[in-house]
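S.K.: My questions will all concern the structure given below.
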Amino acid sequence: MDIENEQTLNVNPTDPDNLSDSLFSGDEENAGTEEIKNEINGNWISASTINEARINAKAKRRLRKNSSRDSGRGDSVSDNGSEAVRSGVAVPTSPKGRLLDRRSRSGKGRGLPKKGGAGGKGVWGTPGQVYDVEEVDVKDPNYDDDQENCVYETVVLPLDETAFEKTLTPIIQEYFEHGDTNEVAEMLRDLNLGEMKSGVPVLAVSLALEGKASHREMTSKLLSDLCGTVMSTNDVEKSFDKLLKDLPELALDTPRAPQLVGQFIARAVGDGILCNTYIDSYKGTVDCVQARAALDKATVLLSMSKGGKRKDSVWGSGGGQQPVNHLVKEIDMLLKEYLLSGDISEAEHCLKELEVPHFHHELVYEAIVMVLESTGESAFKMILDLLKSLWKSSTITIDQMKRGYERIYNEIPDINLDVPHSYSVLERFVEECFQAGIISKQLRDLCPSRGRKRFVSEGDGGRLKPESY
């Protein structure tokens, strides 16, 4: 046994200086160093004692290192540590044991936000919570009597001239599409027109001058419905005064502006939004030629209304609102006037004024019937030229042209009862239209032809008489 201890001391020679660093720290190390030095110098200490001291010192260092982490259980650790030191067994501090520990390691948590109140973070109270009415403290130094019972209202600034035109132009253009005067009135009430109320009729009439007859009729209805709700009769009078003043400029874009403005004035007087003495107030005071022409037109229309003509028919009823019988009469008059004057452009203009592109097949039908009923070549050639012009200008579409010819093909047996030579005339006219490019080859081939009668004078040789039947 003594031999083994001597070998251990020889293998692990102990340096007194280094022993103090490896065994202890602080005051305990200093005290232990002095004792060990004395013991070593006395040559009576054993190797097992030195190994046990090393183990105990190492266990103490581990306990001190983990003391900051295990601050919450310092008493138990210190107790365990003292027991470990006495027993010579180290406290298990393996990494696996620390992973299974669910307590905080740094005292700051995992860095997640804390729950902020009953409704959670960023939520004001629980769902469905009703807040009390905030009571005003009279003793508050910032209390103001004017703040009690305040009623807040949205203030809309009045429109200037530029904003007025930009805002109202799309409103009136949309009105030409839907025709609802109530919707326009509601939109105008939301705007602060101020002194620009008289500009509404001016802008509406200016846009209607560039439109169709149906647009002018809708404008007259709009002015009649807005008067008394959005604007007054004085505003209407101011607007027509401005229109008469601006007629020279309006006539540059619309040459018929004086006559159209005169019709607007006559319609306004008939609707009761202009006084009957409005035209008389301008007598002898007008120097502008266009304004005088407008007033003269209004005077003529008003005088005609006294004889029985209604003032609400100055624009007629445009588009599909017209009855079919009325459209048939208008087209018949259009063709008769064309055969008398021969003016293709005027006939085309009158057809567009009817605003019934879905009814153009009636013109094709009536025109061909006139050709079948005519006795000379002039009507044949004039109707051919008219259809050719309307086809090239795309006034009459291919569908309307086809439908008009198909109506003739279906009714030719009845027409032939009144016009005996209708089949031969129709075949000739259809062939001429095909040569002019008005109809297609398929439509030409659909033209019906009546079987020719066999005359008694025809012999077995099959010779035909020179005249055709």
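Glycine residues also receive a Cβ, built from the backbone N, Cα and C atoms like all the rest.
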S.K.: Select, from Ser76, Ser106, the one residue given the annotation phosphoserine by Swiss-Prot.
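M.R.: Checking Swiss-Prot against Ser76, Ser106, the phosphoserine entry points to Ser76.
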S.K.: Limited to the domain 'MI 1' (163-284), I'd like the whole-number average of pLDDT.
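M.R.: PLDDT averaged over the stretch: 90.
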S.K.: Under the DSSP assignment, what numbers of helix, strand and coil residues are found in the domain 'MI 1' (163-284)?
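M.R.: For that range the per-state counts are 94 helix, 2 strand, 26 coil.
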